[in-house]
Structures are given as structure tokens and as C-alpha cells.
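Data first, discussion second: the structure below is written as C-alpha cells.
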Amino acid sequence: MQFATWNVNSLSVRLPQVLDWLATNPEVEVLALQETKLTDDKFPLQLLNEAGFQVHFFGQKTYNGVALISRTQTGTDVVRNIPGMDCDMARVLSATYTAPNGQPVRVVNGYFPNGQAPGTDKFAYKMRWLTALREWLRGELVKTPQLILLGDFNITFDDLDVYDPVALHETIHCTTEERTHLQDLIGLGLTDSHRLFPQPEKSYSWWDYRGFAFRRNNGLRIDHILVSDALKPFATACSIDRLPRKNERPSDHTPVVLTLGATA
């Protein structure tokens, strides 16, 4: 069974690509989408239902927006955003599914704030948002020890996730403050599933549309799948699927896929 994340940068534009990708990746049970950029009344629920998928979604006009698409499971205990945080942006969507081992797994899909640049109000908001997320997840892990946190984090773990660490030193996505918050999430008992397995050198999940960035592999790894300690023994693979980035009119992000087995 697979769990995947993909920032589609407008579902209205990328829906055919999402459906094609799901058709060619039948092991994906849950696909978390970010930046759907659709209000709930405009979400293509009927089209996805007709294609055989169950969907939870949470959106707003023009910006943000998250969704959970599942192949066979409905998903329960759905929560929008971070409880207790005053936020009117559609950034977090959580639901509980059944893992291959038969136990519940809490799936938290997040579109983390970009942060613009250090020293700005948006950066300060990102820091507050990350703190609120961490404190909420602390309680979620107690309630459901098997947990997956996935999405567009808008943060690199370290310089291995950056095509040019010198040029991008202490710029947005690569600051010490952001990375410290990311390590604080790890400190809850989460693990970066990408680093559990051998990966090609210079593995990235996002490339700017400008400057032939994808062709030159000038990218960042900012889309992550973190697994809790209780789920970690069941992880068997994690990979970045670069193929959708080669599509006509692609998203600037590409899917990341986690595979879970039934036994540890």
C-alpha cells in the first residue's frame, strides 16, 4: 500500500494529470494534494467519485487548498486546519485510514506556509504556524501512534536537499530557523522516510519554471513524508516520481511516494 503527496499547483489545470497518475500507480491508496486553489463548491468531486475515488477536500479561492484522495477507504475523523490556531487559510487536512497492518493510521496533509523571506511578517507567521502544528501533532500521536505527516513543507532538511547550498544559504526554505522547526517535528518521534532508503544523488521534488531549472536539475527537496516511530518499521520504500514534471503544463512539484508493508 502506498501513500503519496503532490503539490499540483491548481487542480483545475492538473486534474487530468492526477487521474492519469493514479491510473498508472494502482498501489497508491491515499494521495494528498496541495495547492488545489479551488473553493469547495468548485472542487471536482463528482469527476473523482465517478472515477472510483473517495475524497475529502478543503479549499479557498486562488490560493492554498488541500485534498485527500483515497482509492478504497473513506477516511474518518476528518479535521480541517490546526485546531486552536486562528487561521483562515486552507492548509491542513487530516483523516484516519487503515494501514496494511490493520491498525489505524492518521494522515496529516499539510501545505506549509512559504514564508517569503527572513525578517518579514510572512516568515514570522510561518514560525508561529510551525509551532502550532508541532504542539497539535504531539496530541495526535498520543491518540493515533501510527501517523503520517506529508505534504509541501516549503523547507529543506539540510544542504543535501538544495541544488546550490552556497547561493541559497540562509534564504527562504533553507534558513536555520526553518530547519530547526523541522527538526523539532522530528523530535516528536517522526522520521523522514526519504532518508530511510538509498536515493539517487541530487534528489529534488520542486523545480522553478524559470531558467530551465528542471532540465538542469536545479531543484529543492521540500515535499516530504514523515512517518511516526510506530509506523517506521513498516516502511519499505520511498521515492520521488520525476515523470509528471515532464508533462506538458506540469506542476512545479512532482509526487513523493511512501510504500508500507503489512509486516515489520
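One-based numbering along the chain as shown.
The backbone N, Cα and C atoms fix where each Cβ goes, and this holds for glycine too.
Unlike curated records, TrEMBL annotations are generated automatically.
Given the structure is predicted, the values throughout are model-derived calculations rather than measurements.
What TrEMBL says about this one:
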| type | residues | note |
| --- | --- | --- |
| DOMAIN | 4-253 | domain 'Endonuclease/exonuclease/phosphatase' |
| BINDING | Asn7, Glu35, Asp152, Asn154, Asp252, His253 | Mg(2+) binding site |
| ACT_SITE | Tyr111 | active site |
| ACT_SITE | Asp152 | active site, proton donor/acceptor |
| SITE | Asn154 | site 'Transition state stabilizer' |
| SITE | Asp223 | site 'Important for catalytic activity' |
| REGION | 245-264 | region 'Disordered' |
| SITE | His253 | site 'Interaction with DNA substrate' |
| ACT_SITE | His253 | active site, proton acceptor |
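Long-range contacts of the region 'Disordered' (245-264) within the same chain: residues 1-10, 13-14, 17, 21, 25, 27-28, 31, 34, 99-102, 148, 150, 152, 193-194, 205-209, 214, 223-225, 227, 231, 233-239, each at least 6 residues beyond the stretch ends and with a Cβ under 8 Å from a Cβ of the stretch. Taking only the Cα positions, the spacing between Asp252 (Mg(2+) binding site) and the residue listed as 'active site' is 14 angstrom. Same-chain neighbours of the Mg(2+) site beyond Asn7, Glu35, Asp152, Asn154, Asp252, His253, judged by a C-beta within 8 angstroms of the site's C-beta center, are, in sequence order, Asn9, Gln34, Tyr111, Trp206, Ile222, Asp223, Ser251.
Looking at the domain 'Endonuclease/exonuclease/phosphatase' (4-253) alone, the prediction's average pLDDT is 98. In the shown protein chains, 27 other C-beta atoms lie within 10 A of the C-beta of Asp152 (Mg(2+) binding site). Spatially, by CA atoms, the recorded positions Glu35, Tyr111, Asp152, Asn154 include one closest to Asp223 (site 'Important for catalytic activity'), and that is Asp152. As a summary of secondary structure, the region 'Disordered' (245-264) carries 2 helix, 6 strand, 12 coil according to DSSP.
Counting other Cβ atoms within 10 Å of each Cβ, the binding-site residues Asn7, Asn154 show the lowest value at Asn154. Minimal Cβ crowding within 10 Å, among the recorded positions Glu35, Asp223, Asp252, is found at Asp252. The distance from the Cα of Glu35 (Mg(2+) binding site) to the Cα of the residue listed as 'active site' comes to 7 Å. Under the three-state DSSP scheme, Glu35 (Mg(2+) binding site) falls in the coil class. When the alpha carbons of Asn7 (Mg(2+) binding site) and Tyr111 (active site) are compared, the span between them is 8 angstrom.
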